[in-house]
Amino acid sequence: FPPAVFPLSCVVQNYAWGKVGLESEVAKLVASGDPLVQIQPDQPYAELWMGTHPRGDALIQDNRIPQKTLGQWISDNPACLGAKVKDAFQGQLPFLFKVLSVNTTLSVQAHPNKELAAKLHAQFPEHYPDANHKPEMAIALTPFEGMCGFRPVEEIVSFLQNVPELRALIGEVAAEQLERSGSDDPRGVSAALRVCFTRLMKSEKKFFVDQLNMLVKRISQEAAEGKDTSGSNGDLLLRLHSQHPGDIGCFTIYFLNVVRLEPGEAMFLGANEPHAYLHGDCVEIMACSDNTVRAGLTPKFIDVLTLCEMLNYTPAPSSSKIFPAAQSQLDPNVYLYDPPVPDFTVMRIEIPASIKLYLISAMDSASILLVIQGTAVGTSTAAASEMSLHRGSVLFISANESISLHLSSPDGMLLFRACCLL
């Protein structure tokens with residue numbers, strides 16, 4: 001039998017927003033995973049891709065396997081996905097697993113549901129390259145900050161009253177409509193919110209640049225005088241403006257929740273949920289799609305009309321955006337992040353130092369295993385030989401295969417395992 005469990009060498013994406021050199025968790029993992037890699041101190045290391053995406057298909061590190069990449073191997077051995085996954089996802093690995101190291105803000109964006117994705121792909125294939133949805137989940141590795149979903153209305157109204165430049169862009173009529181909308185009429189609230197956000201995003205370039213400059217000048221002066229600028233979200237505004245001067249996206253901080261995750265905490269981004277990552281390192285998992293509708297904080301193609309049409313305008317507090325992990329009933333060392341989509345699930349596996357032998361159990365799905373900390377020797381009846389596992393190691397595990405870990409680190413291990421639980 002060909003080996004069905006094997007190590008991978010994964011592709012790094014050097015996008016400009018990434019953390020630089022060894023400040024990046026991506027760079028640190030890559031350097032630990034392969035001591036021959038030279039990390040460039042001035043180069044951004046933004047994303048590590050663990051999967052079969054055509055722009056970053058993982059290389060197989062096992063010379064007994066004729067296929068060079070994971071994508072080729074799966075297409076020649078589709079049974080490795082597990083029977084249910086293979087049938088449900090047409091013989092494709094249904095997820096892309098990543099590590100992200102974010103230094104400067106990513107664009108304000110949302111991902112379409114399947115119905116809208118099919119429509120956008122048919123109309124604008126150059127911008128929307130496939131017909132799939134793209135739910136995502138981010139799990140913090142270091143303190144992580146992102147924007148996600150619309151704030152409670154009272155927070156937005158408070159900004160409309162404290163930030164005259166914002167109110168000028170939205171206009172008095174729309175602002176008053178939101179202020180008058182009552183919590184007893186959620187559809188009325190969503191409609192008023194939609195009008196306000198759309199007016200902001202579609203405001204005339206010259207007008208919003210003038211207002212933004214006035215706002216930045218005012219907040220900079222107030223901060224210099226030692227005044228509290230939190231009523232205008234001053235710190236974040238100045239930070240975003242320094243990264244993306246003159247960008248309409250700077251104003252989205254008054255509409256979207258700022259969510260702060262501690263390591264191990266997660267946020268799930270379903271279809272039509274507006275979001276932007278601000279800073280920090282995370283593991284991320286997503287469905288296999290490149291469909292992103294962007295509207296600001298980016299030099300890329302922006303599609304404001306589509307974004308404003310598609311968004312979920314349901315206000316909710318930022319605390320509601322933290323997605324809980326559930327401790328496994330079967331194994332107390334495993335925490336499951338199982339979102340309401342079929343495409344992916346992530347397990348966080350924390351093995352304490354007291355355990356010297358641990359079984360990575362077999363499941364009815366192919367999975368990808370990432371080592372964040374600790375060392376072990378892995379053995380499997382499905383692997384060609386023993387595998388040395390350490391920080392940065394990535395393994396592909398075919399469905400129904402298990403691995404015994406012989407731990408050798410004094411402080412236990414931390415692993416993440418991506419899979420598909422149908």
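Quick reminder: no glycine exception, Cβ is built from N, Cα and C everywhere.
Quick look at what TrEMBL annotates:
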- Arg294: active site (ACT_SITE)
- Gln109, His111, Glu136, His275: Zn(2+) binding site (BINDING)
- 5-153: domain 'Phosphomannose isomerase type I catalytic' (DOMAIN)
- 336-376: domain 'Phosphomannose isomerase type I C-terminal' (DOMAIN)
Among the recorded positions His111, His275, Arg294, point out the residue whose Cβ has the most other Cβ atoms within 10 Å, with all shown protein chains included in the count.
His111
Using a Cβ-Cβ cut-off under 8 angstroms and a sequence gap of six or more, which residues of the chain neighbour Glu136 (Zn(2+) binding site)?
His111, Phe268, Leu269, Glu284, Ile285, Met286, Ala287
Who sits close to Gln109 (Zn(2+) binding site): which same-chain residues at least 6 apart have their Cβ under 8 Å from its Cβ?
Pro274, His275, Ala276, Thr292, Val293, Arg294, Ala295, Thr298, Leu307
Beyond the site residues Gln109, His111, Glu136, His275: chain residues whose C-beta lies within 8 Å of the centroid, for Zn(2+):
Ala110, Lys134, Leu269, Glu273, Pro274, Thr292
Intrachain neighbours beyond the domain 'Phosphomannose isomerase type I C-terminal' (336-376), with Cβ under 8 angstroms and 6 or more residues off its ends:
8, 29, 50-51, 74, 80-85, 88-89, 93-95, 97, 99, 133, 135, 137, 139, 141, 264, 266, 268, 270, 283, 285-288, 323, 325-328, 330, 388-422
As a quick check of your reading of DSSP, tell me how many residues in the domain 'Phosphomannose isomerase type I catalytic' (5-153) are helical, how many are strand and how many are coil.
40 helix, 43 strand, 66 coil
With DSSP as the yardstick, break the domain 'Phosphomannose isomerase type I C-terminal' (336-376) down into helix, strand and coil residue counts.
0 helix, 21 strand, 20 coil
